[in-house]
Amino acid sequence: MARAGALLWDLRRLCRVLLFLSQFYILSGGGSFSVEPSQPLAQSDKDPGPTRTFTVVPRAAESTDIPPYMMKCPSNGLCSRLPADCIECKTNFSCVYGKPVTFDCTVKPSVTCVDQDFKSRKSFVLNMTCRFCWQLPETDYECSSSTSCMAVSCPRQRYTANCTVRDHVHCLGNRTFPKMLYCNWTGGYKWSTALALSITLGGFGADRFYLGQWREGLGKLFSFGGLGIWTLLDVLLIGVGYVGPADGSLYI
């Protein structure tokens with residue numbers, strides 16, 4: 001009986017030893033399954049071989065944008081009629097004012113023009129009058145307008161306008177320049193309408209209300225046109241243009 005108990009104890013001890021060895025074997029990685037890579041992959045891990053470095057050189061961007069001045073330049077037109085933005089000229093500022101003068105000019109890139117014989121040219125002679133751009137007649141340039149000044153005032157008010165020479169007009173100096181101009185704008189009021197209201201409904205201040213003069217209109221309304229005297233005066237003043245819109249603009 002004692003021997004059977006000792007044998008059972010030895011078996012338990014042997015099982016514990018085997019269990020410990022099996023756990024140690026698994027933890028050490030011996031029991032994990034792994035698929036060995038193929039030979040080329042193992043070779044690449046050990047010896048990656050010679051490497052090649054590729055340098056990407058950016059390709060020069062092909063410019064397909066049309067220059068802004070090309071919108072003003074007619075194709076195969078007369079060289080002498082090209083706008084000033086399409087050509088470059090060797091000007092001489094020592095010319096005599098008001099006298100005819102000739103300058104050597106060349107067209108800008110991408111611009112094509114012809115001479116009187118319809119032959120393509122890159123260089124040509126331009127005939128013009130010796131004068132600066134700010135000395136041109138008023139019909140040769142366009143100026144900005146202003147609605148913040150009084151067009152009907154004494155003395156007449158002026159404002160600083162930015163003027164730009166028209167495309168086909170050639171001159172010396174800057175093609176954009178400031179200039180003092182008289183206030184000359186309209187708010188949409190018609191002289192004929194104001195005069196008609198003054199004659200027919202002037203006793204009720206309709207003419208003054210139409211011109212935007214509310215205080216004078218109320219005065220005429222509650223005084224019945226100043227008993228007719230104010231009405232007659234407004235007919236004369238509006239007729240000669242002395243009384244105008246309240247915003248200081250001109251009649252249409």
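Cβ atoms here come from the backbone N, Cα and C positions, even for glycine.
Annotation comment: TrEMBL describes 1-30 as signal peptide.
According to TrEMBL, the feature domain 'TM2' maps to 188-235. For the domain 'TM2' (188-235), the mean pLDDT of the prediction comes to 92.
The transmembrane segment annotation in TrEMBL covers 189-209 (among others).
The transmembrane segment annotation in TrEMBL covers 221-243 (among others).
Within its own chain, the transmembrane segment (189-209) has Cβ neighbours under 8 Å at 216-221, 224-225, 228, 231, 234-235, 238-239, 241, 244-245, 249, 251-252, counting only residues six or more beyond its boundaries. Per DSSP, the secondary structure of the domain 'TM2' (188-235) breaks down as 38 helix, 0 strand, 10 coil.
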